[in-house]
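Over in Swiss-Prot, the protein carries these features:
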COMPBIAS  1-11  compositional bias 'Basic and acidic residues'
REGION    1-38  region 'Disordered'
MOD_RES   THR18  phosphothreonine
TRANSMEM  52-72  transmembrane segment
TRANSMEM  109-129  transmembrane segment
REGION    140-251  region 'VTT domain'
TRANSMEM  147-169  transmembrane segment
TRANSMEM  197-217  transmembrane segment
TRANSMEM  225-245  transmembrane segment
TRANSMEM  262-282  transmembrane segment
Amino acid sequence: MAKGRVAERSQTEMLHSTPAGDRAVGTQGSAAPGNKDHLKEKPCVEAGSARTSLLILVSIFSCAAFVMFLVYKNFPQLSEEERVNMKVPRDMDDAKALGKVLSKYKDTFYVQVLVAYFATYIFLQTFAIPGSIFLSILSGFLYPFPLALFLVCLCSGLGASFCYMLSYLVGRPVVYKYLTEKAVKWSQQVERHREHLINYIIFLRITPFLPNWFINITSPVINVPLKVFFIGTFLGVAPPSFVAIKAGTTLYQLTTAGEAVSWNSVFILMILALLSILPAIFQKKLKQKFE
């Protein structure tokens, strides 16, 4: 019992003393020489204050919102009714109304519609704003399946990576203050799967064990490399996106987002989640056998 408390205390101290900057972002190897010492010499600068972080976050959000405004302004001239429907969908009715507008202009203004979809999806993912599930369903309605799947996976990977970098830049004070205990527990899991981190990230993206927003903001704090994070996310969101996109082909027959998921699709997702983690399990067993 005492050993367990000591181990947990050690993990907590490590979480505060060795943020993601201790490793080269996007690599899985050791940190660059001198980088670790430099961070330890300036803990206050590394952690930052919650107020400063909030100001930076608001500034970044304002800039991103302005970019979204420019994207919207570059859209073709819309009628009053169409402008009302040009919003982030919150339910299936909103998604249907938005799909109707976008499908009308998709062929004539293909690039503008694609850019608007791309930018909106990444914006929602970056700032952990709900609504991306409806955009995933909408992609199946607007585009051919291969393009829709690639688009959703790319947007999810980029958006989650931007959220990762945002957390790396300004989110650590929030993690330290409000999510330390949960982050420590996940850090222990990450260390156990360090050799198969991509498989583990894929597994987490397929399954609902950890919320996506939690994975995004804590990953840089517990030394998940950005490259591994992006690849794991890009591949991991493919199976659930497959289900959502397939449902989008029958958009106007759906009344809720829950109808996009059947028991059959849940079973398939469970099988894929198991397959994603099997290489790590088998290699661990073989390693134990030969040792």
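Backbone N, Cα and C define each Cβ position, glycine as well.
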Long-range neighbours of the transmembrane segment (109-129), counting only residues six or more past its ends (CB under 8 A): 61, 64, 67-68, 71-72, 74-76, 88, 102, 135, 138-139, 142, 151-152, 155-156, 158-160, 162-163, 166, 212-213, 216-217
Per-residue pLDDT averaged over the region 'VTT domain' (140-251), given as an integer: 89
